[in-house]
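Below is one structure, written out as structure tokens; comments come after it.
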Amino acid sequence: MGSCLCKKKAKHREERDNRVRRNGRNQQHFSRQRNEDSNDQSRTEMEQSSADPSADINHLILETLSVIRDLVNNDQEPPGSLLKLNLIADKEEGWQMVVRSLIDTVPHEDALGPAVITLFLDESPLPAKEAVSRLLFRLNLPSCSFQSHPWGWHRNVCIVIGSLAEKMAGASSSSICTKDTMTYLLNNLHYNRPAEVILFSLIALEKLAQTTENRLTILRLLNESEQNPLEMLERWMDDAVIMSNPVKMQVAFCAQWSLDNIFVNDSRTYSCMVTDVTPINAMLNHSDVSEYLKIGPDGLNARCDVSSFESVRCTFEVPQDRKDVWYYEAQILTSGVMQIGFATKKSRFLNHEGYGIGDDEHSIAYDGCRRLVWHAAKGHKHDARAWKAGDTIGCLLDLCNGRIVFSLNGSVDISDSSLSFFSRLSPSDGIFAAASFMSFQQCIFNFGASPFRYPPRKKFISFNEGGARLTQEEKTILPRRRRMELLARDPHIEDACTICCSRRADTITKPCMHGGLCHECSLQVEVCPFCRMPVEVRVSVASIGEGDNGRLQSTTCLVHCLSSFYIHSNIDSFNYESRMPRTFAEEKSYIERISPTCFRIKKGFVPNMVKVEGRFYVNNSLEKLMFNELEVFTNNPGYGGFLPAVRQMANVAALPGIVGASIGLPDIHSGYGFSIGNIAAFDVSNPESIISPGGVGFDINCGVRLMRTNLSLEDVLPVKEKLTQNLFDHIPVGVGSKGAIPMTRNALEEAMEMGMDWTLREGYSWPEDQEHCEEDGRMLQADHTKVSDKAKKRGLPQLGTLGAGNHYAEVQVVQEIYDKHAAAAMGIDRKDQIVLMLHCGSRGLGHQVATDSLVHMEKAMNRDSIIVNDKQLACARIHSKEGQEYLSGMAAAANFAWVNRSCLTYCIRKAFSPKGISIRIASPKLIMEEAPDSYKDVRDVVDTCHAAGISNKAIKLRPIAVVKG
């Protein structure tokens, strides 16, 4: 469709790409070894192998299965066999061979076999629809019988179909959801088929049904059957003999769950309406679970069929002051990776990043597949045998002696890490039963409603008899579809709780006096979600008398209008008059216009604002937004949330060491401590000056990259849909997306310190890319040792991913050129020219760097007596140990963001390269930190910047296709 814009450098890039391939640096999904000789040797071994390459692939698969159990940490190097498989699968024919070998080779008795197939397909390049069609043609499903192929082969085929359906949900799934595939899967649901084949056929149908058209087709075929096969399989639950088989128990559960949630028949009663939960007082909490875990109608059965690590807590909380022995059991139906144990409310479910129960300091869990006890993301080996389907795991919590014991079938006690777990509990931490599940794993919990199989010999209390009583509503596990229908019908509640949105906000938290919460949600928080002040007392709004209400208003305005969460300060020591609420007119008296586009915030607007003023730039439309936000806040001080941007700018102006002014750009809007679009400079020679993560932002070095092409609008419109799909195929998007550039821990640490020097060395960027990046794409003070292991683990799978939220990749067309000279400097010389815009940052790694620093900075503020007007402005002296460590870690995260954008640019170029389209970096600078049209009219923002002399308009772009998570 077009020729290269720079023919002279095309040859150089081609030679470089060939060199990269020779060195084993696969362009998208092959994790590179640090030793190039090892790569060359691996490739040579493959080339000199036997005449039948499938034999070598089979060997590599079996080798991977034999070592995969030992890979327990995210930072471990992947096995060489898996790297070789990734190398082979980079080309379509190699991908076809590896997938067919997985189907032929993975043994049915291997507990991790299904997960390995899913993992490989999830990590490998997204195949084209034509490639999937060719795979299904070669499998020849219509002629495959259980006489011609063993049942393990059929099971693996179903796993492959399901994994591809999940990965290609949407229009692309049409290549999978063919008549032959549907017939094959539906025939496999016959009750006389092997149970594992039935199970994975059912799961494959669930994955295909993610696309509405497919779901309706499958539902029609099921209803056209003489007897719905799913309803027949559901009846297995009523047969005690059948339900003694762990695999058939899974089949019955999945059939029931599908009928309730996916293939819904309006004439069938939901399972939750006919399941007797009367004796159950403790169950899995359907309101405290990650999004993809399946929970049965009795609240005791849990299953995961996705590639993420799904977690759940139970409803009953064991208080620490009840010094008793507590016990529950879990019957294992699958022998793969699950982590079953205990957790507090502070344990977070990071399912897409592979973190679950036992992977933080607030939880502990037993993993019988890998024979580990997990705590704080560290696995401790034990000598018990690996668990198998049908085993029972006992979980004992001994608060008398501060000990946790796990048992296998009542005979093997496994105890480790208990002291560390208890030592990190705060007095108010309650303890819950909790568990996490890898792909295709399931177990049944018994909290005491039924007799235990292996009760402890010592006196104990079950969770079910702990004293809690659940309401019928709390016990009812509604199907997701029904739950959404009911939510849609619910009328809007005036003054609804800002957390659950389903109950009235009827509670005030003291001492901060914030409202906006219902009583139930207020009990779930230890610090106010609005100002982060510790909650000491919760009082009902209705219980506040007229006199108290006056004090409530005064105190509320103290917190809100003065933003006065002061570190090491006594509120009563302030002059009473200084904390009286101000009217909106009084607020406005501190703000004056100094030019058609600029306003000044006078000194004294907030406490400690004595050295510099604030300034913000707006046009008429943006001015109304700014003052309306301030007016709403002033008139409604009793409800929390972020402070108005005007007040956040003023609080920044009060920070120690600030120089010049606290500046608000036209796109300014409320953020964490600092407003987004708020600029402040600090004198590094001043020992009082501070550095604040809120000022840098949590998505460190989030930015936009503009790339030009040699295409025009008329070239793109006929193939816009294919082009967009090609971008989707090459760019991982969404919250849980995994990187297009697989990394080892060592490579990640190098990238964090080298920035774009690393991408240039590895062949992921061009020299001119680096020339057109500020700081040459590298902050020299970066130190990866100042980045926590948790941050590295979050960033390791995310390099080369777009993420979600307001991150995007857009195909845009040049609509107007205002400054021909500036446009020409970016290589843009005509209207209708096609460009690409990429917006992303440092993903979870940057967020974790900022989060980690806040803990240390709050301690430093106490030590150094730093006073701020808003706790969200947590900071440290620039030259303190905490300040310098944050700067080094922040620089490493900034380098990660540059590397991430460069790797995504590489993916975009690969998406276009088959058509001969050249993609070039268009701008010498990143354009803007955030996408302003997510918050304000971009025309107002750009026009105001132009009128104020902040920047000049050069070109106007219009999006025609968007890739967004």
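Quick reminder: no glycine exception, Cβ is built from N, Cα and C everywhere.
Predicted automatically and left uncurated, TrEMBL annotations should be read as such.
Taken verbatim from TrEMBL:
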BINDING   Asp699, His807  Mn(2+) 1 binding site
BINDING   Asn806, His807, Tyr808, Ala809, Glu810  GMP binding site
BINDING   His839  Mn(2+) 2 binding site
COMPBIAS  1-11  compositional bias 'Basic residues'
COMPBIAS  33-46  compositional bias 'Basic and acidic residues'
REGION    1-55  region 'Disordered'
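Just so you know, of the binding-site residues Asp699, Glu810, the Cβ with the fewest other Cβ atoms around it within 10 Å is the one at Glu810. Other C-beta atoms found within 10 angstroms of the C-beta of His807 (Mn(2+) 1 binding site) number 22, with every protein chain shown included.
There are 26 other Cβ atoms within 10 Å of the Cβ belonging to the residue listed as 'Mn(2+) 2 binding site'.
If you check the binding-site residues Asp699, His807, Tyr808 against the residue listed as 'Mn(2+) 2 binding site', the ones with a Cα inside 10 Å of its Cα are His807, Tyr808. A coil conformation is recorded for Asp699 (Mn(2+) 1 binding site) in the three-state DSSP classification, outside any helix or strand. Tyr808 (GMP binding site) is surrounded by 22 other CB atoms, counting those within 10 A of its CB over all protein chains shown. For Asp699 (Mn(2+) 1 binding site), the spatially nearest entry among the binding-site residues Tyr808, Ala809, Glu810 is Tyr808, judged by CA separation. According to DSSP, His807 (Mn(2+) 1 binding site) is assigned to coil rather than to any helix or strand.
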